[in-house]
Amino acid sequence: MVIALQDYTPLRDDDLPLKKDQEYVLINSSHCDWWAVENDRGDTGFVPSTYVAVKCEGAFMVRDSRQAGVYTVSVFTKAPGSNGEKNPRVKHYQIRQTEAGEAMFYLAEKYLFSTIPELIHYHQHNAAGLITRLRRPVSQGGGCSQDITDPSKDQWEVDPEELTLGQEIGSGQFGLVLEGTWNQRKVAVKMIREECMSDDEFKEEARVMMRLSHCKLVQLYGVCTQHSPMCLVFEFMENGCLSDYLRARKGHLSQDLMLGMCLDVSEGMAYLESSNFIHRDLAARNCLVSENNEVKVSDFGMTRFVLDDQYTSSLCSKFPVKWSAPEVIKFCKFSSKSDVWSFGVLMWEVYNEGRLPYENRSNAEVVESLNSGLRLLKPRLAPDAVYLLMEWCWKEKPEDRPTFALLLHELASVSDL
């Protein structure tokens, strides 16, 4: 399917008229300038390839507008509009220039760039005022251009014939997690429910995982894209998620073990921070425990690569209020410092042996408490030095919170006491 970026009046007998924002079936795109399409009445004909966009979330193109020297970014989205509109559509943004001083380009006034390529590169990673990120440039031929890290590349593709699936060991927002065997190695296989995650979203998560490699992050081994449902193949973590692990061993967790867990997570997060990634969903439930009680950060479904340590969610996606920083709750603004806030809550979970934060309060009550300056109370098992770090993570202003690199150093200092 393609969607019309603008109206088109036929110039030849075999052309087909286009109506802006309407969908058409793509019949043939072999010619780079003219495509054959079919409308909803079954009429077929040719249209200029620059007048339509392939219908995948965030597909975009930069084109001349009717005004000389002015460019427009057209992006396809299924995201709800501010007026509640839910139909898939193409949103158009004019690239503007500042008038005072050196000319700078922008789509959203707060984000200025010296060149249009810099502007596009930024908005490919951050929505920052747009309805959605510019995810997939539409090539001259009209299709979404291939990413060099496309998970369908052979070195990442797992042959489903080599994969043996076992019992269910977990479930998440996007599907089931099964125990499995691959190349005589025990693995965890994340099966993606088709109704919960699009192909684009699946590839997005896989791309993130492929770019990240650290001993404190759950390792991706490969993907199955030639199999339905599609799946991700991860290293197997014998002791499951951290929250369940803590609850199952309540009363039997040593101080060294709890501090070591916090150190493990802070080390993994310091790596993400140094790589300009933000997690956006850090919690004990999204960390896994190995056979030797090593904790690794997992669940990268919400992770984003950012260029300026800030990501504003275009959809204001659902997020876990009880783990979220004030700026996330109020403005949907994520950064490594909002991850730091979540890490403070994770430490609280560890030292409360898996208790849920604010367990008897609604989300609305939690927001009211945070706005009043109230914070989670000191866990009985937490040393004073550790609780001071939690409080540091929960500073109102992001700039007043520590970095993960500093937290890692401070936690290591506590372990030396």
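Each position is counted from 1, following the chain as shown.
Placement of Cβ uses the backbone N, Cα and C atoms for every residue, glycine included.
Since we're looking at a predicted model, the values are computed, not measured.
TrEMBL lists Lys190 with the feature ATP binding site. DSSP classifies Lys190 (ATP binding site) as strand under the three-state reduction.
Summarising the annotation, TrEMBL assigns domain 'SH3' to 1-57.
Under the heading domain 'SH2', TrEMBL lists 34-138.
Taken from TrEMBL, the feature domain 'Protein kinase' covers 163-412.
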Among all the protein chains here, how many other CB atoms are within 10 A of the CB of Lys190 (ATP binding site)?
25
Over the span of the domain 'SH3' (1-57), count residues by DSSP class, listing helix, strand and coil in order.
3 helix, 25 strand, 29 coil
